[in-house]
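Q: Sharing a structure here in structure tokens format.
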Amino acid sequence: MAADDAAAEVSPGATFGPPGDEYEIGKQLGNGAASRVFACRRLNTNEQLAVKAVDLRRLCLLGDLQDQMTRLDSEVGILHELRHERIVNLQGFYKTDNWYFLVMELVGGGELFDLIVRNKSLSESEARHIFLQLLEGVGYMHARGVLHRDLKPENILVAGSRPAEPPESGHNYDVKIADFGLSKAIGGGASLARTRVGTPQYWAPEVLDVQKRGGSYDQAADFWGLGAVLFVMLCGRYPFDGQKQALDDQIRTASYSMTGSRWRNISEAAKSLVRGLLRVNPVDRLSLDDCLSHPWVTGEPMPLPKRLPLKPAAAWLCLLNVGPPRESLKTRVLLQKSL
């Protein structure tokens, strides 16, 4: 079949689905290498939804078709098990000889990425509201043994917004996590995550080198991704961009900067959370509970840094330095020597 004929199969006005549960395709919302996303309408209920239409003929050009189909089936299986307010939920799926249709809830606010680009960055209040929702969604999927493996602003959709209180804080944006095409089920006896997938700027070090060093990685890789997303929300730039240093080296050493004009007005609490999430060793990285109790998330004051105990001589000098002005330097020196 010609490419034009293939495109005509899935275009606005066309229908798909089994008899009695058909959908009409609406305007196109986005596209990928082998897929397109459309608004759609369930004919028997008039419900407004979205559909990801995967062209199986194009899919085979991206690699082994059987592997690609296995990945698609895995995505559907994972989405079928997940149902949460912070996740773009699967409503149904349908397959023909040439197309694979994933019917999803419709999220009309666009990508978080576009929101950041329009505003250059988000306020801390806006970023905090979004980050809390991401923790809800990621915590839910992790509790069910699912790694997302591609957390980034492009895969976070804005479901709605309203003015924040106080108004100068910006807006409260409601978001949902989308695109589980690279997700992996690792619970219940499923195989471990052993492949390097996702978007390079958001790779955790253990994902970057998983095939080189062998072994596997776990939920901590998603928390690295959350740290990178938080970084981008706060300053509008990637933490790792490969400009001053090779991207792989930047990631392996967590070489990023939180200085300059974009970070001048960002709180130390926010920076502390970013640092805790972008730790090279996954064992040292902040967990879900760590994030939920972090001062930037809870709004509590940052704890003061621990002060090292002073040696006796230094303690005496501190006391003498705040003593009466008439205390002579000679007396201080004599006291220090006597200790």
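Glycine too: its Cβ is placed from the backbone N, Cα and C atoms.
Annotations in TrEMBL come from automatic prediction, not curation.
According to TrEMBL, the protein carries these features:
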type     : residues              : note
REGION   : 1-22                  : region 'Disordered'
DOMAIN   : 23-297                : domain 'Protein kinase'
BINDING  : K52, E154, N155, D179 : ATP binding site
ACT_SITE : D150                  : active site, proton acceptor
CROSSLNK : K152                  : SUMO2 cross-link
Q: Once K52, E154, N155, D179 are set aside, which residues in the chain still have Cβ within 8 Å of the Cβ centroid of the ATP site?
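A: Nearby residues not in the site list: D150, L157, A178, G181.
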Q: Given the recorded positions D150, E154, which one is most crowded in terms of C-beta atoms within 10 angstroms?
A: D150
Q: Looking only at the domain 'Protein kinase' (23-297), what is the mean pLDDT?
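A: A mean pLDDT of 94 is what the predicted model shows over the domain 'Protein kinase' (23-297).
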Q: Can you see whether DSSP assigns E154 (ATP binding site) to helix, strand or coil?
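A: Where E154 (ATP binding site) sits, the three-state DSSP reduction gives helix.
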Q: Measuring CB to CB from N155 (ATP binding site), give everything in the same chain under 8 Å that is also at least six residues away in sequence.
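A: The answer is E111, H148, I177, A178, D179.
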Q: Quick one: give me the count of other CB atoms within 10 A of the CB of K52 (ATP binding site).
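A: Within a 10 Å radius of the Cβ of K52 (ATP binding site) lie 24 other Cβ atoms.
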Q: What does DSSP say about K52 (ATP binding site): helix, strand or coil?
A: strand
Q: Let's check the environment of D179 (ATP binding site): how many other CB atoms sit within 10 Å of its CB?
A: 20
Q: What's the number of neighbouring CB atoms sitting within 10 A of the CB on K152 (SUMO2 cross-link)?
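A: Step by step: centre on the Cβ of K152 (SUMO2 cross-link), count other Cβ atoms within 10 Å, giving 20.
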